[in-house]
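K.L.:
The active site, proton donor annotation in TrEMBL covers TYR57. Here TrEMBL flags HIS121 as substrate binding site. Feature annotation from TrEMBL assigns domain 'NADP-dependent oxidoreductase' to 15-287. As annotated by TrEMBL, site 'Lowers pKa of active site Tyr' applies to LYS84.
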Amino acid sequence: MTFSLPIGPLGIPQLGFGTGTYYYKGADTLTFNQSLVDMLVEAVHQGFIHIDTAESYGVYPEVAAALKQLLTEMDRSSIFITDKYSGSPSKGISKNGTPYEHLKKILNKLGTDYVDLYLIHSPFITNEKIGFTLAEIWKSMEKCLDEGFAKRIGVSNFAVSDLQDILQTAGHKPLVNQIEFNAFLQNQTPGIFQFCKSHEITLEAYSPLAPLTKVDHSSGVGEQMDLFLGQLAEKYDKTKTQILLRWVLQLGVVPISTTSKRSRLQEWKGVFDFQLEQAEVDTVTSIGQSYKPRLRLYMRSQYSKYD
Ligand SMILES: NC(=O)C1=CN([C@@H]2O[C@H](COP(=O)(O)OP(=O)(O)OC[C@H]3O[C@@H](n4cnc5c(N)ncnc54)[C@H](OP(=O)(O)O)[C@@H]3O)[C@@H](O)[C@H]2O)C=CC1
């Protein structure tokens with residue numbers, strides 16, 4: 001039976017394939033990574049049609065090559081592409097102007113007329129570095145939406161106050177906030193989970209597997225979580241990876257993961273054919289909340305004060 005990735009209320013496929021982290025290069029001009037192209041093509045072939053990329057990852061050439069291959073065999077509408085306006089590539093010196101100017105240039109590079117979701121990568125790119133205020137940046141995002149170059153617009157790593165600022169003047173509200181989210185970091189910034197829920201802003205979780213990949217399981221809460229994930233894995237005949245991704249999904253959050261291994265795609269499929277009981281979801285949540293300090297891998301200089 002062929003696998004179809006479930007699609008959420010805003011038309012967002014419910015698991016994103018990340019082209020940052022493991023595949024991060026930092027500049028488009030660095031050595032071309034054929035293995036990323038091959039994995040993207042394989043992932044989409046297997047039904048993982050949601051590709052998550054960003055200006056700062058430096059992987060547009062690879063995403064473009066994968067798309068070129070895929071679009072010979074399927075419609076553009078069968079693939080969901082997220083791009084993020086980062087302000088500039090991480091390892092480059094060029095400034096790419098406004099989000100609108102950046103996107104138009106990137107669409108040309110990617111060989112497509114639009115992205116499905118376009119995000120402001122973080123609220124910290126509005127400083128003197130690029131010379132635009134957040135309100136100006138949002139206006140430019142709205143222009144992308146109005147002219148059809150982005151089907152949806154949103155933000156990433158935004159705190160409640162950043163969202164409130166935008167909501168005051170926005171013609172179109174942000175539909176998505178992509179944040180660092182895992183069982184050991186359930187609010188990247190204070191109150192963000194509840195705020196997004198109550199304003200119907202879809203949350204996407206990047207680094208959802210950090211409790212498996214970045215925690216020392218030999219002590220305390222890490223060990224307690226590991227034991228409980230192990231029990232659930234045994235009960236449902238699943239892996240701990242599948243249990244953690246399922247927990248994210250059952251909270252109504254879209255996980256953005258990645259992999260270097262084809263076998264992992266098979267594992268991902270098994271995230272969508274079972275359901276945790278509500279009490280089990282709640283137990284993962286409450287064990288996770290007792291993990292101190294929080295498990296935070298990104299934006300530490302700005303946000304670790306909350307841990
Ligand atoms: N908006 C933002 O600021 C940010 C966005 N992102 C986006 O999110 C994406 C995903 O982030 P990432 O942190 O990689 O997500 P995850 O937390 O899902 O980690 C994915 C990694 O976990 C490994 N993994 C999976 N299962 C296991 C296991 N059982 N044991 C050990 N390792 C395992 C995978 O390796 P394997 O190769 O073995 O499968 C893979 O490299 C990025 O690529 C990017 O697109 C990321 C950071 C910031």
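Each Cβ is built from the backbone N, Cα and C atoms, and glycine gets one as well.
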K.L.:
Would you kindly give the Cα-Cα distance separating the residue listed as 'active site, proton donor' and LYS84 (site 'Lowers pKa of active site Tyr'), rounded to the nearest Å?
P.N.:
10
K.L.:
Taking only same-chain residues 6+ apart in sequence, whose CB is under 8 Å from that of HIS121 (substrate binding site), what do you get?
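P.N.:
Residues satisfying the criterion: ALA54, GLU55, SER56, LYS84, TYR85, SER86, GLY87, SER156, ASN157.
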K.L.:
Near the Cβ of TYR57 (active site, proton donor), how many other Cβ atoms are there if near means within 10 Å?
P.N.:
27
K.L.:
Take every residue in the domain 'NADP-dependent oxidoreductase' (15-287), average their pLDDT values, and give the whole-number result.
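P.N.:
Here the predicted model's pLDDT, averaged over the domain 'NADP-dependent oxidoreductase' (15-287), is 94.
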